[in-house]
Amino acid sequence: MHKYQTHWVEHSIVKILSSTGKKHIALMAGGMSAEREVSLVSSEGVSKALIELGYRVTFIDMGADIAVRLQEIKPDIVFNCLHGTYGEDGCLPGLLNIMRIPYTHSGVLSSALAFDKIHSRIWFLTNNINMAEGIVVNKSDNIKNDPMKRPYVIKPLTQGSSIGVEVIFAEDDFNFADYDFPYGDQVIIEQYIKGRELQVAVLNGKALGALEIKLLKNRFYDYETKYTEGFADHLCPAPLPANLYEKLLIESEKIYKTMNCKGPARAEFILEEQTNKLYALEINTHPGMMPLSIVPEIAAYAGINFTNLIEEIIKTASFES
């Protein structure tokens, strides 16, 4: 397992990408989370689309001085292309609400809920969204044996991109007593559901479509598989019976709306092989915008090219009063 670190950066890096345009967009990317590199790659395509759309664009690699830099730059809108801590967890939306700067993507509460796996799990179950059996394990519990019958999944509470996720199978040489809790003092342990990996893109409350992930090399949809070409195939649209496909879209819209999301989101599910039962995994309020990313791919299938997708996201920019 790789260990991806959060990096504390004092000063933001600011670059003017386009000095003229109809509105001034601050494209926020990079930042201090373990998903920094994913965010930077996502921002490359977004910046090109924003310039193509005729916006004045300033790129900001976010540091701890971000409030001061925003006061200096005075953008009309912030395009939140951050992933992980400080950008995806509700921190940046909170700051932008105070500064009264409109921003893309979800607000404080929906971002924080979706990012924290304990609280999102409680929210899902409260709203009758089916999930795999799961428990919270604290480092202080000093558990020596498997906390659940194998196979099971270990998930850090607040990491995206499957960073830190491990699947423990019956044959694995793994002793839970040796697990070092690399991403905080709590983890979620969930029953591993063998089945088909399904992803749904939602934009402004409407599900655009679903695709299936077919693993080619690794045993589960981990960080390496998500961001390495040739490790998985995307089947778009997902080859499902019409009634099941429709149910998937309806469930995704339900999650999006009950969590009061804004702009783009990606809902993730497992379809159990033996029972055809859907299990929700999570909703991601800051889906990737890379060449291999799922939301742009599904949007293209729905007739929305990448540039138009970015324009639709910009249209939702607002702050919470």
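Cβ coordinates are placed from backbone N, Cα and C, and glycine is handled just like the others.
Keep in mind that this is a model prediction, so the values were computed, not measured.
Swiss-Prot annotations:
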BINDING   147-199  ATP binding site
BINDING   Glu268, Glu282  Mg(2+) 1 binding site
BINDING   Glu282, Asn284  Mg(2+) 2 binding site
DOMAIN    121-315  domain 'ATP-grasp'
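Overlay of Swiss-Prot annotations on the structure.
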| residue | record | DSSP class |
| --- | --- | --- |
| Pro147 | ATP binding site | coil |
| Ile154 | ATP binding site | strand |
| Ile168 | ATP binding site | strand |
| Asn175 | ATP binding site | coil |
| Pro182 | ATP binding site | coil |
| Ile189 | ATP binding site | strand |
| Arg196 | ATP binding site | strand |
| Glu268 | Mg(2+) 1 binding site | strand |
| Glu282 | Mg(2+) 1 binding site | strand |
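Taking Cα separation as the measure, Pro147 (ATP binding site) is nearest to Glu282 of the binding-site residues Glu268, Glu282, Asn284. Glu282 (Mg(2+) 1 binding site): 19 other CB atoms within 10 A of its CB, across all protein chains.
Of the listed binding-site residues, namely Asn175, Asn284, the sparsest Cβ surroundings within 10 Å are found at Asn175.
Listed in sequence order, the binding-site residues near Glu268 (Mg(2+) 1 binding site) (C-alpha within 10 Å of its C-alpha) are Asn284, out of Ile154, Pro182, Ile189, Arg196, Asn284. Counting in whole angstrom, Arg196 (ATP binding site) lies 15 from Glu282 (Mg(2+) 1 binding site) by their C-alpha atoms. If you take the C-beta of Ile154 (ATP binding site) and look for same-chain residues 6 or more apart in sequence within under 8 angstroms, you find Gly164, Val165, Glu166, Val167, Ile168, Tyr179, Val187, Ile188, Ile189.
A Cα-Cα distance of 31 Å separates Asn175 (ATP binding site) from Asn284 (Mg(2+) 2 binding site). Taking CA atoms as the reference points, Asn284 (Mg(2+) 2 binding site) and Pro182 (ATP binding site) are 22 Å apart. In the shown protein chains, 19 other C-beta atoms lie within 10 A of the C-beta of Ile168 (ATP binding site). Confidence over the domain 'ATP-grasp' (121-315), given as mean pLDDT on the 0 to 100 scale, stands at 90. In this structure, the CA atom of Pro182 (ATP binding site) is 21 Å away from the CA atom of Glu282 (Mg(2+) 1 binding site).
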